[in-house]
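Undergrad: Before I ask anything, here is the structure I am working with.
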Amino acid sequence: MWIGGCSLCCFLKSTIISFVLLTLSIMQTVSADPWEITRSSIKLGRRLGEGFFGVVYQGLYNNTPVAVKTLRHGTMDPRDFLKEAQIMKTMEHPNLIQLLAVCTEEPIYIITELMKNGSLLDYLKVRVGRLHLNDQIEMAAQVASGMAYLEMKKYIHRDLAARNVLVGENNVYKVADFGLARVLQAPPNQTNLYYIPVGKAIFPLRWTAPEAIANEKFTIKCDVWSFGILLYEIMTFGEMPYPDMNNSQVKQRVPNGYRMPRPVDPYCSQDMYKIMLDCWNGNKNDRPTFEALKMSLRNVRG
Ligand code: ACK
């Protein structure tokens, strides 16, 4: 009788233990992030280039060629990045670079689709005078399409510029690095051609709307301002915005109403310049939506 009691007790004990183990393993499976991958599952290949925050490599993931963005230590808090990556993963559009996987242990790896022709900025620079207005409108319209999707999803890019648009095969243009700017931290005492520290954050000064510099608050309307600067880059084949001004002149004059003049060489049509000026409206609420920009770009004449 006693022996029977013991075996019942042992049976119950082992059943409970198995149940707990099973529950734990189910919980682990549910909570494991399917986007998080081990570093060993990525084979790094040739170096594609270097951004402010680290080197970008070509890589192989599941036998598929990918781009691997590696972030230098200290460029962001891995926990902030992980939170932001959860949102980035939900963004899917033919004109947005698709996030494929992440490695959130430092050095952080961001694995995305590979774009054969690199950044739009470099693409433009080597094609000075070799593109037609229709090609330029096509680039702008595809970027506006990707941005209209972010707008609809109530998401903000914060660093829209030709260097962050990538060019694929068959004239496909995709917006990269959306959301990243929010979690990036300024490396101490480091600035470069594009980014300057403002408080704890860093800003791409020449692409940033004056109200965002003033109050460090970003909205989709700041992205619209940056889109106007991107149009300027497209029309000038990658010229640096405000070419004759230094950073402090930009910081001081733009909030006081200064706007870049219409590019004349290379030529920029009045229609296109009008769209730029609309994006640079001092009152952010009077700037167009990306949805409206898509339409306006269809009607641009040379
Ligand atoms: O102009 P590039 O060759 O294109 O040099 C820059 C560099 O990395 C730093 O940003 C390249 N790059 C970034 N992301 C990708 C990508 N997904 N596919 C191909 N090249 C990329 C970019």
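Residue numbers in this text run from 1 along the chain shown.
Including glycine, each Cβ sits where the backbone N, Cα and C put it.
Got these off TrEMBL a minute ago, pasting:
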ACT_SITE  ASP159  active site, proton acceptor
BINDING   LYS69, ARG163  ATP binding site
BINDING   ASN164, ASP177  Mg(2+) binding site
DOMAIN    42-302  domain 'Protein kinase'
SIGNAL    1-32  signal peptide
Undergrad: Under a three-state reduction of DSSP output, how is ARG163 (ATP binding site) classified: helix, strand, or coil?
TA: helix
Undergrad: Measuring Cα to Cα, tell me the gap between LYS69 (ATP binding site) and ASN164 (Mg(2+) binding site) in whole angstrom.
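TA: That comes out at 13 Å between the alpha carbons.
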Undergrad: In three-state terms from DSSP, label LYS69 (ATP binding site) for me.
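TA: Where LYS69 (ATP binding site) sits, the three-state DSSP reduction gives strand.
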Undergrad: Counting across all protein chains present, how many other Cβ atoms fall within 10 Å of the Cβ of ASP177 (Mg(2+) binding site)?
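TA: Taking all protein chains shown, ASP177 (Mg(2+) binding site) has 23 Cβ neighbours within 10 Å.
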Undergrad: Between the recorded positions LYS69, ASP159, ASN164, where is the Cβ count within 10 Å the lowest?
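TA: Among the recorded positions LYS69, ASP159, ASN164, the lowest count of other Cβ atoms within 10 Å belongs to LYS69.
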Undergrad: Taking the Cβ of ARG163 (ATP binding site) as the centre, count every other Cβ atom within 10 Å, in any protein chain shown.
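TA: Other Cβ atoms within 10 Å of ARG163 (ATP binding site): 23.
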Undergrad: For the C-alpha pair, I'd like the distance in angstrom between ASP159 (active site, proton acceptor) and ASP177 (Mg(2+) binding site), rounded off.
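TA: Per the Cα atoms, ASP159 (active site, proton acceptor) and ASP177 (Mg(2+) binding site) stand 8 Å apart.
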Undergrad: Provide the three-state secondary structure of ASP177 (Mg(2+) binding site) computed with DSSP.
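TA: Assignment for ASP177 (Mg(2+) binding site) reads coil.
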